[in-house]
Amino acid sequence: MDAKNSSVPTPVGPSTETTSKRDTTNKMSLSPQLKQKPIHYPFWFGGSASSMAACVTHPLDLVKVRLQTRSGSMPTTMSGTFLHILRNNGLTGLYSGLSASLLRQITYSTTRFGIYEELKSQLATRSGVDPVTQKPKPPSLPMLIAMASVSGTIGGIAGNAADVLNVRMQHDASLPEHKRRNYRHAGDGLVRMIREEGVGALFRGVGPNSLRAAAMTASQLASYDIFKRTLIKVAKMEDNLATHFSSSFLAGVVAATVTSPIDVIKTRVMSAHGNQGLGQLLGEIYAKEGMGWMFRGWVPSFLRLGPQTICTFLFLESHRKFYRRVKGLEEEELPAVNKS
């Protein structure tokens, strides 16, 4: 009996092995999706990165405004304007209106970047996962442009008062003494604008400014995402500094070209004295300068917007890399080509 019983093999139930394989398969199928969950970055990252970039590129922005609003015997070239400012206002003159510029980035850029990234995050969550790549499906170009346009419009409204201050403070030193407003800083300018011109002054030029903000955000943020996606997918570049620099440079070219005509109008409206209508202003500009006004100051605009775009996105990517490191998240965010 003992020998007979010992010769019978002990049965092994298949349920344990099958269950183990099933659990392993489920974990393998779920793990990519869990890893691909989009990272939700702080809302203020865009405003912080833009403020840092503004500190670097403010002199270029100042020269651009002076060229767009020049009159009389003012210099007609970028280098001439630089020298004119240095000769008459010193080195600190190149940073005239910096407080208003920073206030503009804190309001305008924080809003447009924050809303745009939030919309992308929501879309990535709802669009599902690509069955082949196991990554969230990237938004199409029309969808990116639509989201960026909405974000830019809201940002333009939020930052309009600061934008009016920024233009006025940069333009002030080029005016005759009796026409200068002499705002000491952004806070002083806001108080005086409301006291002297009423609350409506805070929304002066809000129409063209919002239009410009929509065009800027669509051409800058959406094109950056598209260029980054193309460089990674087509050119087989890594998601690194070289890709960020190349994408932001190309985005700067697109943004400068798209926004140049709107930028000229916005600057003229905000720096004008009195309540001159937009139609009347356009008529006067066309009568004096013809169609060339649309791209007046394009070179200094690009020389300002190009470095500003590059600095903004490099600072933004650095913010995100630091955030992922502190939070212990994966180094390569997903979807890498969209959460730029």
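Each Cβ is built from the backbone N, Cα and C atoms, and glycine gets one as well.
Those TrEMBL annotations? Automatic predictions, nothing curated.
The compositional bias 'Polar residues' feature in TrEMBL is assigned to 1-18.
The annotation region 'Disordered' is assigned in TrEMBL to 1-32.
Residues annotated as repeat 'Solcar' in TrEMBL: 37-122 (among others).
Here TrEMBL flags 139-230 (among others) as repeat 'Solcar'.
According to DSSP, the secondary structure content of the repeat 'Solcar' (239-322) in residues is 74 helix, 0 strand, 10 coil. The feature repeat 'Solcar' is assigned by TrEMBL to 239-322 (among others).
Counting residue by residue with DSSP, the repeat 'Solcar' (37-122) contains 66 helix, 0 strand, 20 coil.
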